[in-house]
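**Student:** Got a structure for you, questions after.
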Amino acid sequence: MINIHFSNNLCKQFHRGIKGHDIVNDLFPKLKNETIAAKVNGELYDLSREIIENCTFEVITINSEEGLEIIRHDTAHIMAQAVKEMFPDVQITIGPTIKDGFYYDFATNHNFSSDDLEIIEKKMIEIINKNESFIREVWSREEAIKFFSSIGEDYKVKIISNIPSNENITVYKQGSFTDLCRGPHAPSTKTSRAFKLTKVSGSYWQGNSNNERLQRIYGTAWRNEEELKLYLNNLIEAEKRDHRKIGRELELFHIQNEACGQIFWHTKGWTIYRIIENYIRKKLENNGYIEVKTPILLNKELWEKSGHWDKFRENMFLSEAEDKTLAIKPMNCPCHIQIFNSKIRSYRDLPIRMAEFGTCHRYEASGALHGLMRVRGFTQDDAHIFCTESQITSEALKFCNLLIEIYKDFGFTDILVKFSDRPKNRAGSDEIWDKAEAALKKSVEVANLSYVLNPGDGAFYGPKLEFTLKDAIGREWQCGTLQMDFVLPERLGAYYIGSDGKKHHPVMLHRAILGTFERFIGILIEHHSGKFPMWLAPIQLSILTISEDSINYANSLKIKAEEHNIRVELDTTNEKINYKIRNHIHKKVPVFWIVGKKEVEENSVSIRYLESNKQHVMPIDKALKTLLTCASI
């Protein structure tokens with residue numbers, strides 16, 4: 001007999017070898033139809049897997065995140081089976097779950113098309129309707145290699161050769177299909193009814209462009225048709241909001257092959273960039289930050305001292321000059337320590353909040369580049385806070401409050417925080433880790449932010465907070481970070497003179513709010529669908545003339561608005577007014593002033609807003625006052 005413990009403090013004895021579905025039927029009959037797997041001693045188990053030792057037991061239902069991931073894993077296997085049955089010469093490689101879905105990579109000379117996806121989906125439905133059981137088997141290494149070699153699955157043989165010799169090799173079967181897999185899986189294929197294959201793309205074996213080229217089929221799977229429909233509708237909405245499409249339409253930026261992964265900012269896009277930069281600069285000044293500027297090109301010796309050379313060498317752009325190896329900086333932190341080290345610091349000088357709009361470059365594979373979201377050249381709203389251990393809590397709280405304030409101004413109020421605490425292998429004493437972790441917890445709690453814990457996921461040099469924004473269509477974007485660092489200041493010789501007259505290494509807080517300007521602007525474009533808040537809009541006001549008689553008056557209005565720092569576009573073209581209105585709606589300008597003979601005579605304007613088809617007349621002084629109110633944050 002074995003003892004099995006449950007979350008409700010119940011402990012019950014069962015025969016050794018009992019299976020999860022028997023326990024569910026016995027103790028949780030109401031959850032029978034919703035249960036998809038179990039967690040035994042913290043490890044996910046198939047419901048058909050035998051339990052052979054004392055353990056804890058937790059039911060995993062389809063309504064949980066873990067349950068949903070299992071559904072997606074099941075669907076990936078079903079897709080692989082369908083592809084293999086339809087295209088027998090295909091070799092299957094890997095098929096993991098990802099956010100919102102799954103993919104599988106295939107080695108084949110056949111070029112998959114959207115028409116193929118429809119046919120594959122039909123075959124998948126056939127497999128699902130057969131209600132095939134997922135069967136787990138444990139094989140020896142020799143058995144696994146022999147089997148997959150015999151059916152021509154060379155990539156599976158390669159994977160097996162990299163599995164540590166002390167690990168079990170598990171396979172799963174459903175119907176005629178067998179795949180190498182750790183599991184777990186649902187009892188059968190019937191839970192994978194709500195799915196859609198979404199796209200085909202190229203990939204490489206093991207993600208290395210020097211290896212064989214593969215084809216990747218992506219899909220999504222959900223608990224039911226309602227969730228699937230909502231997700232697919234959001235995909236359509238996301239396509240409409242694509243920052244690359246809107247960026248072209250609004251003439252904000254472009255990218256070209258001659259500067260791969262770098263941005264050509266057009267006037268309107270650069271206007272947004274400068275507005276954000278000036279806004280952040282003012283916020284930093286008001287919160288006690290000093291602004292610095294550090295070199296872009298540095299000798300590799302500094303990167304060797306900091307430890308970045310070993311970890312980031314492959315992502316650095318290098319140059320040779322005067323028999324020295326120089327690296328374009330991929331981050332700013334070592335440079336900020338050089339400024340800290342430029343003179344003797346006292347404990348009375350701390351905290352020092354050192355900010356830089358730091359331009360950095362990192363080599364990203366060309367296939368990973370994506371508009372503004374993934375680039376090679378970028379600018380961070382970077383800052384490093386040098387403080388004492390006793391100042392960690394107050395500095396972390398000040399940062400959280402500043403971050404919330406800034407996100408709110410940009411239209412983000414739904415913020416998720418991930419807290420990563422100490423890993424097993426770490427630098428620094430337990431005492432300083434205790435202080436740092438307590439400080440981060442307190443800062444998010446006092447700031448009234450909810451957080452989830454990522455146990456053991458902190459860096460070896462300190463715990464961290466990651467701040468994720470939820471946009472208008474529910475997508476999550478990780479932007480802000482607050483990372484403690486107990487190591488780099490010591491490694492680069494940073495110290496201050498304490499009240500005891502001795503040298504002490506400061507604690508360094510790496511922090512960012514936007515992340516990078518490029519990516520954050522991309523997020524803003526998609527969040528607002530190009531309809532920026534008025535304070536952020538590159539053109540805030542369009543003045544449209546109805547006839548030639550109103551051109552001089554319109555010019556005077558433009559001058560008056562510009563005197564109040566309003567960004568104005570004047571349209572005096574010889575087009576009908578309805579055409580002009582449609583044109584400026586397409587440009588997503590938030591406010592229109594329409595002027596004709598009547599407005600000239602009355603010293604007024606007809607006001608129309610982007611989100612309304614109504615117009616109303618207002619005296620110019622009142623209209624300007626209203627405009628200035630709308631244009632303020």
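Positions of Cβ are set from backbone N, Cα and C atoms, glycine also.
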**Student:** To which of C333, C335, C630 does Swiss-Prot also attribute binding of Zn(2+) at the site defined by H384, H510?
**Tutor:** C333
**Student:** Using the Cβ center of C333, H384, H510 as the Zn(2+) site position, which other residues in that chain lie within 8 Å, going by their Cβ?
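**Tutor:** Close Cβ neighbours, site residues excluded: M331, N332, H336, D382, A383, Q483, D485, L488, M508, L509, R511.
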**Student:** If you count the C-beta atoms lying within 10 Å of each candidate's C-beta, which of the binding-site residues H384, H510 ends up with the smallest number?
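**Tutor:** If we count Cβ atoms within 10 Å for the binding-site residues H384, H510, the smallest count is at H510.
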**Student:** Cβ distance under 8 Å to C333 (Zn(2+) binding site), same chain, sequence separation 6 or more: which residues?
**Tutor:** S306, D382, H384, D485, L488, M508, H510
**Student:** Could you give me three numbers for the domain 'TGS' (1-61), the DSSP helix, strand and coil residue counts?
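**Tutor:** Split by secondary structure, the domain 'TGS' (1-61) comes out as 11 helix, 29 strand, 21 coil.
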